[in-house]
Amino acid sequence: MSTTTDDAKMSRRILWKLDRRVLPPLALLWLANFIDRSNIGNARIAGLERDAHLHGDQFNAVLSGGSFLILRRSRKILRPLQVFYASYLVVEVPSNIVMKKIKPNRWLPILVSLWGIVTIMTCFVNSYGGLLAIRLCLGFCEGGLLPGMVLYLSSIYKRHELQLRVGLFYASASLSGAFGGLLASAIIHMEGVGGLAGWRWIFILEGIATILIGLLAALVLPADLATANCLTPEEREFAVRRYQDDGKTIQVTPRLEDGYPKDEKLEHDAHTHAESVQSSVALETQTEDEVFEWREVVRGFLDIQVWLTGLAYFGLIISLYSYSLFLPTIISGLGYSGAQAQLRTVPPYVPAVVLTGKSPLAVAYLSDRLKWRGPWILICLPLCIIGYVIAVTATTDKVRYIAVFFMAAGIYPCGPCILSILPNNNRGHYKRATTTALQLAIANTGGFLATFVYTPDQAPRYLKGHSIVLAFVVLAWLLIAANVCYCIWENKARREGRRQDNITKYIQLVREGKTKAPIGDRHPEFMFTI
């Protein structure tokens, strides 16, 4: 009994130290990232569109320019033929794999610092083509950040400690909307300082702040549990052990019997590998022991949960991105302008921050306590749906402004939930790295559509835009419901013993020398988090 009590005290002490060391830098990184991503919306109503000589849908195309662009020259200007978030597709999965070599406490700050440098460069552009080029570079810098942060946290915290931590740093995305509006409303008063327009100072000052945050994070973040200098040697040993113990049910050791080849070399190789998979979870903490295999990447691509949650997140991204990018424009359409419009972008984010993770009653906290992920999305998304229905049917500006509160309160709590599903339901470093990145690669293609949802000709009611987003939010709800049903069905099959042949298949792969990866989530005793 005393040992259990002592372990609980040690766990609380370790979590408190890790939380203080890991979460604030990650929150700052994500806050800076999201402010830099959404500041172009604030810059637009401060004069960017006028000074860069944009017209028609060109501002929307610039927003998409964070992606890889397939361009066609048409008369005197470049027009996008097809604009996809391919920079995310290209960068995210390789970034998670590279992070293992460079270490997350270096790789993540590098990405954000590069992002800050490119943000500063935005102040020098004066044309449509220049803005497209800048947004292209921003997409490549940003692509690996969020999947890297989620993968990093999943290598430090146990499965059902994860979402609260994701929620705490993700809440900074909600804060970014508030801070971004406040900062922009203050910075645009620098109009004329140094001979520069106020919107240019938005990019300069926020870019410098981003670089400084990146450098700070590089000094503070630990590389992993085994080397975390915020813990004592005893605490580091305990932290590694408690992380490994989180998955003891997925241990398996191949045995040299019942059909194993008698060749001495094959027996020796099998024995050697048997030792390396005594604890499949240990390979996830000591990731240098797991050898890269394309088979694990392919397993990640074929995981049905990646596609269900990725496509659901696609629908959420359309709402999330269009909301943050066009909220200032929507509020301008309500009759406000300049600093007044900037300031009115702040209040709708307040309930989103509370629900995302800053309150003891928040979704992220309850999700870890109850070990739920998908069900909370099914509960929260209807708030967002209500918001868009109100926006579509509203006849007055005040009612439309109320609608944006519902949108934010419903959409922001879903992010940590959906980001935690795949880290919880995948074992083995490279499969988990692939699935977390691929989910976001699929989702971020929604950024293309998001930038074209709200076009100038829809002002001030934006009925078409609201209706499109509403349809995708409903689709996201249905896909998450399907994923929850799949997890319940698969867990039932495993409890009833209908997945025991997974061990036989895995041992066959080991025997044939086709894999040295841990059995991970294939083990019939591994249960998915719904």
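Including glycine, each Cβ sits where the backbone N, Cα and C put it.
Remember, TrEMBL labels are computer predictions, not curated facts.
Taken straight from TrEMBL:
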type: DOMAIN; residues: 22-494; note: domain 'Major facilitator superfamily (MFS) profile'
type: TRANSMEM; residues: 107-127; note: transmembrane segment
type: TRANSMEM; residues: 133-154; note: transmembrane segment
type: TRANSMEM; residues: 166-189; note: transmembrane segment
type: TRANSMEM; residues: 201-221; note: transmembrane segment
type: TRANSMEM; residues: 304-326; note: transmembrane segment
type: TRANSMEM; residues: 346-364; note: transmembrane segment
type: TRANSMEM; residues: 376-395; note: transmembrane segment
type: TRANSMEM; residues: 401-422; note: transmembrane segment
type: TRANSMEM; residues: 434-455; note: transmembrane segment
type: TRANSMEM; residues: 467-489; note: transmembrane segment
Within-chain partners of the transmembrane segment (467-489) [C-beta distance under 8 Å, separation at least 6 from its ends]: 304-305, 308-309, 311-316, 318-319, 322, 374-375, 377-378, 381-382, 384-385, 388-389, 392, 411, 414, 418, 421, 425, 446, 449, 453, 528-530
Stretch among 133-154, 201-221, 304-326, 401-422, 434-455 sharing the most Cβ pairs under 8 Å with the transmembrane segment (107-127): 201-221
Leading stretch by Cβ pairs under 8 Å, where the reference is the transmembrane segment (304-326) and the options are 133-154, 201-221, 376-395, 434-455: 434-455
